[in-house]
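Below is one structure; the comments refer to it alone.
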Amino acid sequence: MYADTISAIATPLGEGGIGIVRISGPDADQIASRIFRRGRSLRPVDVAQLESHRLYYGYVVDPRDERVVDEVLLARMAAPRSYTREDVVEISCHGGPLVVREVLRLTLAAGARQAEPGEFTLRAFLNGRIDLAQAEAVMAVVSARTPDSLDLAVGELRGRMVGRLGPAREALIEALAYLDASADFPEDEVPPLDLTGTLARAEAALDEVVAGARLGLLYREGVQIAIVGRPNVGKSSLLNTLLRAERAIVTDIAGTTRDVIAESINLQGIPATLIDTAGIADTEDIIERMGIDRSRRALDTAGLAIFVLDGSMPPTPDDFRVAELLQRRVASDGHDRLVLVLNKRDLPDRHDHDEIRALLPGAPVVEVSTRTGEGIAQLEATLAEALIARAAEGAAPALVTLRQQQALTRALESIRQARAALDAEIPLDLVAVDVRDALLAVGEITGEQVSETILDEIFARFCIGK
Ligand code: GDP
Ligand code: ZN
């Protein structure tokens, strides 16, 4: 347990009437007693005598002159039944951001120390209430962008990661136990083990976590989708339809979409940023050319490209040029990064399906009308499907931070080395070194093995008050 008591504003500052000041540590009750009063007569209260996990109505005063700062609700959460497992007092203020700051100042004047970013969560971790993956999930919960990414973060918060790593951990421990025993005891006394098979099992289990992590990243970080095509096929209209709002400029004059316009949507739970690019076509217009350069760059960074064609006419030479550019830029690592959209379905169908399909072989084709909305739901489903298929081959999404990802990679490397050493008939005590490294790396993910510096790094990224 920590010697000092920390305090911070636990709610975002700004809008909203209510703000919570959270105090945690051995002096939490005492500090709260200094500034909390009850009843019209502002009678002093020994907060330590208040019932745990109950709300008490009262006032926060400045103890120097008993001036009332705010009308508040106070809750005391006695250790260990609190967020940090320490004594916690939470004061809910009603008076707006300035008042919340004033209440915080009073707790500091009464002996608390301003909490560092993430320090409450750090204490929860150090006091054994949550594991490291859960602590990091707290941050993900706070910054989730769609309900699905929130669900994912909450799942991690409930300790899903430890369970997910279980099979790999078990296999590694089994292998290590066997290797250690082989070093210490004569061969006939050690129960036999299929070492290669056990290590392969550990590797497969970690591979699955990695695949899930890619999918989790998609829900959490989102993706950029570039909308490309020659002028006038309906890119801006499509963007608007997908946004269901009139944001991008729609016009009848070809080539007037000069800026790349980016907007975010919730694509079946995936946060997707749509980028409307200027038409990619031959032109002498310098300004338009700048727009085109920008769309080429947008293409390079996008996770997926929507190639829009005007289905009411046969493909033009410009359409073929765009298709060619897409072939070179996007399709180089597979057609799963492309979706072809035939727009203006409300107009007479004047295209040859085989010819369209031949433009980008393998890419899904969806026919839509941005004017009537026909096919748009189908397009959304196709986009989400393409993104998910690309991210993970059937794995359940996992939430994995960069640090965890690195530890996973190291664990996998060590396992592969151990397997190679085994194949090369290198002495078993050397194989054991790699297996031990792998186990250490797996332990790092949930915080069984972490150094001070890693901890500092992780918790410095939290908002203060969390
Ligand atoms: P962009 O240059 O590719 O961004 O194309 P715009 O979105 O500016 O649209 C070009 C023209 O096609 C505009 O006159 C739109 O009203 C029209 N348009 C877009 N989508 C449709 C559609 O589904 N049906 C019809 N009939 N016209 C459309
Ligand atoms: Zn058709």
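Glycine too: its Cβ is placed from the backbone N, Cα and C atoms.
Quick look at what TrEMBL annotates:
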{"type": "BINDING", "residues": "ARG22, GLU90, ARG129, LYS466", "note": "(6S)-5-formyl-5,6,7,8-tetrahydrofolate binding site"}
{"type": "DOMAIN", "residues": "222-388", "note": "domain 'TrmE-type G'"}
{"type": "BINDING", "residues": "ASN232, THR251, ILE253, THR256", "note": "K(+) binding site"}
{"type": "BINDING", "residues": "232-237, 251-257, 276-279", "note": "GTP binding site"}
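Among the binding-site residues ARG22, ASN232, LYS235, residues whose Cβ is positioned under 6 Å from ligand 1 are identified as ASN232, LYS235. The number of other Cβ atoms within 10 Å of the Cβ belonging to GLU90 ((6S)-5-formyl-5,6,7,8-tetrahydrofolate binding site), over all protein chains shown, comes to 21. Counting in whole angstrom, LYS235 (GTP binding site) lies 52 from GLU90 ((6S)-5-formyl-5,6,7,8-tetrahydrofolate binding site) by their C-alpha atoms. LYS235 (GTP binding site) falls within a helical segment according to DSSP.
For the pair ARG22 ((6S)-5-formyl-5,6,7,8-tetrahydrofolate binding site) and ASN232 (K(+) binding site), the Cα-Cα distance reads 57 Å. For the domain 'TrmE-type G' (222-388), the model gives a mean pLDDT of 75. Taking only the Cα positions, the spacing between ASN232 (K(+) binding site) and GLU90 ((6S)-5-formyl-5,6,7,8-tetrahydrofolate binding site) is 58 angstrom. Within 10 Å of the C-beta atom of ARG22 ((6S)-5-formyl-5,6,7,8-tetrahydrofolate binding site) sit 27 other C-beta atoms, taking all shown protein chains into account. Ranking the binding-site residues ASN232, LYS235 by the number of CB atoms within 10 A of their own CB puts LYS235 at the top.
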